[in-house]
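Annotated features in TrEMBL:
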SIGNAL    1-26  signal peptide
DOMAIN    85-224  domain 'AAA+ ATPase'
BINDING   93, 94, 95, 96, 97, 98, 99, 100  ATP binding site
């Protein structure tokens with residue numbers, strides 16, 4: 001008998017969602033991503049904030065702070081009929097804590113065609129900018145590509161993954177698009193959304209959460225005021241991060257720095273139960289326990305946080321079914 005689960009919007013399992021993001025990134029290049037100026041591309045921006053909040057509440061494990069920050073920033077941005085700058089979010093945290101998952105949900109609930117929308121653009125350094133020797137060409141192409149897409153649809157979403165692997169300097173070409181000027185290169189860009197994702201700051205976030213746990217503080221008491229500064233410093237200290245020595249940081253063009261906290265055992269359990277429900281399966285204690293037993297936790301003494309969050313939950317469930 002299939003497990004009953006409330007759905008905010010029907011789709012497949014988390015594993016399928018991750019595959020869709022990867023497949024979309026792998027199939028795109030700088031020339032194919034841009035709608036031609038002579039052709040018509042419908043802007044399929046159809047925000048469903050209620051559905052987004054529902055899904056985040058049900059499926060995003062252990063991220064009270066990220067959920068609150070993202071929803072609050074998005075609501076304020078979309079309620080403004082004439083924003084003076086695009087919405088710029090920077091997501092930081094340990095692997096498997098939900099950064100890519102949240103960015104995928106944003107695409108699903110902001111655009112009619114979700115990740116398949118021609119106005120949702122996902123960049124990966126390894127796929128799109130693999131050769132450091134081609135950096136000047138990448139800069140020119142990226143600037144032209146963003147400008148072209150915003151000319152066609154001002155309500156576009158740009159996702160930049162693995163910022164900690166992006167060559168410093170490349171992302172600087174976006175600086176004019178992220179500020180508060182009204183028009184850049186003849187393009188209205190103020191209604192766009194830019195999301196930057198990286199693991200940088202993850203160790204610092206983990207340390208703050210660990211110290212809170214040792215002090216018997218509730219996880220929900222941890223706020224942006226204590227995490228924001230350590231994340232920003234981690235970015236500034238990382239010469240491999242795309243924002244290193246960046247005017248984007250110096251000019252404070254990031255609207256919200258969003259921390260993702262490390263996941264504990266009960267959060268991983270939540271992910272397992274969610275994935276079983278998405279697969280239409282009844283909860284099975286032996287499967288849940290097998291996934292937890294196969295997960296590595298750290299630090300060595302406390303065994304508190306999952307070393308890869310919920311990143312491998314879907315594949316581990318497939319192995320233990």
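Note: Cβ is positioned from N, Cα and C throughout, glycine not excepted.
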Row residue 97 (ATP binding site), column other C-beta within 10 angstroms, all chains, value 32
Which value does the mean pLDDT take for the domain 'AAA+ ATPase' (85-224) in this predicted structure?
93
Using a Cβ cut-off under 8 Å and a sequence separation of 6 or more, which residues in the same chain sit near residue 93 (ATP binding site)?
66, 99, 199, 201, 202, 205, 259, 260, 261, 262
Same chain, 6+ residues apart, C-beta under 8 Å of the C-beta of residue 94 (ATP binding site), given in sequence order:
199, 202, 203, 205, 206, 260, 262, 263, 305, 309
Counting Cβ atoms within 10 Å across all protein chains shown, which of the binding-site residues 96, 98 comes out on top?
98
Excluding its own, the Cβ atoms lying within 10 Å of the Cβ of residue 95 (ATP binding site) add up to 17
